[in-house]
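Peer 1: Take a look at what TrEMBL says about it:
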ACT_SITE  Lys222  active site, proton donor
BINDING   Gly7, Val8, Gly9, Leu10, Val11, Gly12  NADP(+) binding site
BINDING   Thr91, Lys115  NADPH binding site
BINDING   Glu207  L-homoserine binding site
DOMAIN    7-140  domain 'Aspartate/homoserine dehydrogenase NAD-binding'
DOMAIN    150-358  domain 'Homoserine dehydrogenase catalytic'
Amino acid sequence: MLVAVVGVGLVGSEFINQLLSIPAESSPFRLVSLSSSSRTVFVDPANAISSIDKWKSILSASNEKPNYENLTQKLSGLIDPSTKVAIVDNTSSDDIASLYPQWLRAGINVITPNKKAYSGDLGLYEDILRASKETGAKFLNESTVGAGLPVISTLKELVATGDKVKKIEGVFSGTMSYIFNEFSTGSPDGPSFSSVVSVAREKGYTEPHPADDLNGFDVARKLTILARTIGSSSLPSLQSFASVQTSSLIPAPLEGIPTGDEFLKRLPEFDAEFDQMRKEASRESKVLRFVGVVDGVNGEVKAGLEKYPTSHPFATSLGGSDNIIMFHTERYSPRPLIIQGAGAGAAVTAMGVLGDLLKLI
């Protein structure tokens, strides 16, 4: 299989290294193209890029600018009955995501951790489905939810084998997981909310601007992907992730603050409010967790701060920035199917992407 990689940042670089770590004599893949935001390289399949130590210098030596029209033509020209082609999009770009239908119609498989195409405009998502059906080219997106955790593949198998998904609930954000694992332990007291957010930022768990995590949009995108994967008529038709009922944790007076530093400087003004929520939860022997829910029974898709008993898996099983997802189905009832583990990080995200690529062999 011939592979073209778009995006060579943190996840992209890790993916390339994992791909090229497969021993050459047993690898089914030939890496023929690399593209960053500023340059691209395309090589003859007979001279595929194979060295972990050299791929960065090969790309940096190129003076050619990315041209995805040309890339599409070159790759589609290499497809034959014995040769499959895949593009791996490791970006978070809307512009790249909009090209998926074109690539699929050219017979090129698409693999990505990029959530934009699957959680954005419903029209684009439906066009991706049509394009894949027309040519048989696959689109695989395991790492869009839970990084390398087998969330999407498990859900697809549940649906394909006829199980009825009643509800999916989980802690889908590694950032929110860390924040509330530290902030709310069942005790009425603990570190201030603003200090926990600051530490999370220092550890690299949040975006440079923490409001980009606290607004809940990342969770809303993941819920949109899951709801669309289920494809049930009992669920609302989400025009985009913005259609999800999302309760932001950004205090209203801090909406629109332009920098992360200024945001964190003012966040302590609202510590008392978060402390009161923690105390109320503790009085009920509960903890606070930012969860996402896809409810097929009541037809709801929502994300927000909820209280769970201190004996609940969301209270007892989580550590660090773990994700945990519960599938309540007809078959997995009354005890749900639970998937848990690291839900963020370049290594596990890249592993999920490489796992998708292996599914095409």
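Including glycine, each Cβ sits where the backbone N, Cα and C put it.
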Peer 1: Within the domain 'Aspartate/homoserine dehydrogenase NAD-binding' (7-140), what mean pLDDT does the predicted structure show?
Peer 2: 97
Peer 1: List the residues of the same chain that sit at least 6 positions away from Leu10 (NADP(+) binding site) in sequence and have their Cβ under 8 Å from its Cβ, in sequence order, or write 'none'.
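Peer 2: Leu10 (NADP(+) binding site) has long-range Cβ partners Ala346.
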Peer 1: Work through the recorded positions one by one (Thr91, Lys115, Lys222) and name whichever has its CA nearest to the CA of Gly9 (NADP(+) binding site).
Peer 2: Thr91
Peer 1: Please spell out the DSSP helix, strand and coil residue counts for the domain 'Aspartate/homoserine dehydrogenase NAD-binding' (7-140).
Peer 2: 58 helix, 22 strand, 54 coil
Peer 1: Please report the distance from the Cα of Val8 (NADP(+) binding site) to the Cα of Thr91 (NADPH binding site), rounded to the nearest angstrom.
Peer 2: 8
Peer 1: Fill in the CA-CA distance, Glu207 (L-homoserine binding site) to Lys115 (NADPH binding site), as an integer in Å.
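Peer 2: If we compare the Cα positions of Glu207 (L-homoserine binding site) and Lys115 (NADPH binding site), the gap is 16 Å.
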Peer 1: Of Gly7, Val11, Gly12, Lys222, which recorded positions come within 10 Å of Lys115 (NADPH binding site), going by C-alpha to C-alpha distance?
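Peer 2: Final answer, ordered: Lys222.
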Peer 1: Taking only same-chain residues 6+ apart in sequence, whose CB is under 8 Å from that of Gly12 (NADP(+) binding site), what do you get?
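Peer 2: Long-range Cβ contacts: Val5, Val6, Asn90, Thr91.
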Peer 1: List the same-chain residues at least 6 positions away in sequence whose Cβ sits under 8 Å from the Cβ of Val11 (NADP(+) binding site), in sequence order, or say none.
Peer 2: Asn90, Pro113, Ala346, Thr349, Ala350, Val353
Peer 1: Take the mean position of the Cβ atoms of Gly7, Val8, Gly9, Leu10, Val11, Gly12, the recorded NADP(+) site. Which other residues of that chain put their Cβ within 8 Å of it?
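Peer 2: The answer, listed by sequence position, is Ser13, Glu14, Phe15, Asn90, Thr91.
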Peer 1: For the recorded positions Lys115, Lys222, which one has its C-beta crowded by the most other C-beta atoms within 10 angstroms?
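Peer 2: That would be Lys222, with the most Cβ atoms nearby.
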